[in-house]
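Quick notes on the structure that follows.
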Ligand SMILES: *[C@@H]1O[C@H](CO)[C@@H](O)[C@H](O)[C@H]1NC(C)=O
Ligand SMILES: *[C@@H]1O[C@H](CO)[C@@H](O)[C@H](O)[C@H]1NC(C)=O
Ligand SMILES: *[C@@H]1O[C@H](CO)[C@@H](O)[C@H](O)[C@H]1NC(C)=O
Ligand SMILES: *[C@@H]1O[C@H](CO)[C@@H](O)[C@H](O)[C@H]1NC(C)=O
Ligand SMILES: *[C@@H]1O[C@H](CO)[C@@H](O)[C@H](O)[C@H]1NC(C)=O
Ligand SMILES: *[C@@H]1O[C@H](CO)[C@@H](O)[C@H](O)[C@H]1NC(C)=O
């Protein structure tokens, strides 16, 4: 592939990432796993050796999708590429030398175990290079928090891993992708970002991947943590942090070396008169663990509760109670077979359970990794 062609391919890659993930059932192109699409020279020649180096891992979504008009913000289609994005934000090249990979090109609802494991191994290798300051994952926003949390739990490096997306297509009036990308590159290249784990940045906010969630399906101001707060904020495109570098309590590190699959973990949604057979169906369909989004602080209907316990008695698969409320805490109940998610919402509890099951943890170890995130006299803090 000539450098020019690879740039074009690259463009198709990043182009797709930053805006609202339109439900897009089909991948846009053949996945090009482990294919480095462009190098720093492709984007900028010559490399400015005094600038930090940042690598972008694009996964799909719609960083630079196009609507049919500048007022269309729903139902647009993916189309632009990385080169167009970089062209649109030439300021990026004054901050960093950029290289990029296309790991996948899917809407974020279709991010799967293959993509997560590949991202993990590529990023781990990239961050081991002395001349790399940090990395960026461009991603559809709908499940961005899940990929970010996964990376926080599986990448063991002080260097920044920055997850970024956009809520509006590139063609929209006041598109947010270009500034979000500029801020992500600034953050990935910043020495002040070291030692803070994986971060999510959109709309000027910098949040820890651990607790940041998508709060609104449509609005720009959607990524934040109501209770745990933010790590920092951009003022005039400079990242300012509120605290010294710190890790959240209960950040267990999982080593994925050699792992090629992840177990199926289902999320069941509780509601009035919740169906008793959802648990049976999950297990019959291969689930190796179940998280349910409980009513209140982890509750469900009495008939579902009996069914869940019967399934647990027979299979022993781990079951984690989370909450369907946007925020909240599910406390551990001594002696209960159900594992409490603590502060984790269902989608984050699912990632943590998936990694624990993948690591071969038994029930008490799984209980431990959840309990460590909310240390109390009866809770965790077992690990130093
Ligand atoms: C390289 O980057 C440095 C630091 O930002 C800047 O001062 C210098 O002008 C750049 N050199 C070129 C050739 O752009
Ligand atoms: C960026 O990469 C180039 C080429 O590998 C290297 O010469 C340069 O030193 C790197 N910059 C930093 C700040 O490490
Ligand atoms: C990049 O930096 C140079 C030197 O400071 C400046 O002249 C130029 O306008 C900058 N380019 C952009 C796009 O900000
Ligand atoms: C995950 O998605 C990618 C991209 O669509 C696909 O190539 C891969 O086969 C999928 N993996 C699994 C296990 O389905
Ligand atoms: C599950 O097993 C426990 C302990 O043996 C028992 O007390 C409980 O009644 C069982 N529950 C169901 C629904 O079978
Ligand atoms: C649901 O699963 C439990 C435990 O395996 C079993 O006892 C029960 O009969 C199942 N219910 C149905 C309708 O299959």
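Any Cβ shown, glycine's included, is placed from N, Cα and C.
Automatic, uncurated: that is what TrEMBL annotation is.
Feature annotation from TrEMBL assigns signal peptide to 1-19.
The domain 'L-asparaginase N-terminal' annotation in TrEMBL covers 53-244.
Annotation source TrEMBL lists active site, O-isoaspartyl threonine intermediate at 62.
The active site feature in TrEMBL is assigned to 62 (among others).
Annotation comment: TrEMBL describes 108, 141, 142 as substrate binding site. In the three-state DSSP reading, residue 108 (substrate binding site) counts as helix.
Every protein chain shown contributes to the tally, and the Cβ of residue 141 (substrate binding site) ends up with 26 other Cβ atoms within 10 Å. Summarising the annotation, TrEMBL assigns active site to 141 (among others).
Computed over the domain 'Asparaginase/glutaminase C-terminal' (264-370), the whole-number mean pLDDT of the model equals 96. Residues or ranges marked as domain 'Asparaginase/glutaminase C-terminal' by TrEMBL: 264-370.
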Indicate whether residue 142 (substrate binding site) is helix, strand or coil by DSSP.
coil
Can you tell me how the residues of the domain 'Asparaginase/glutaminase C-terminal' (264-370) break down into helix, strand and coil by DSSP?
42 helix, 22 strand, 43 coil
Please report the number of other Cβ atoms within 10 Å of the Cβ of residue 108 (substrate binding site).
25
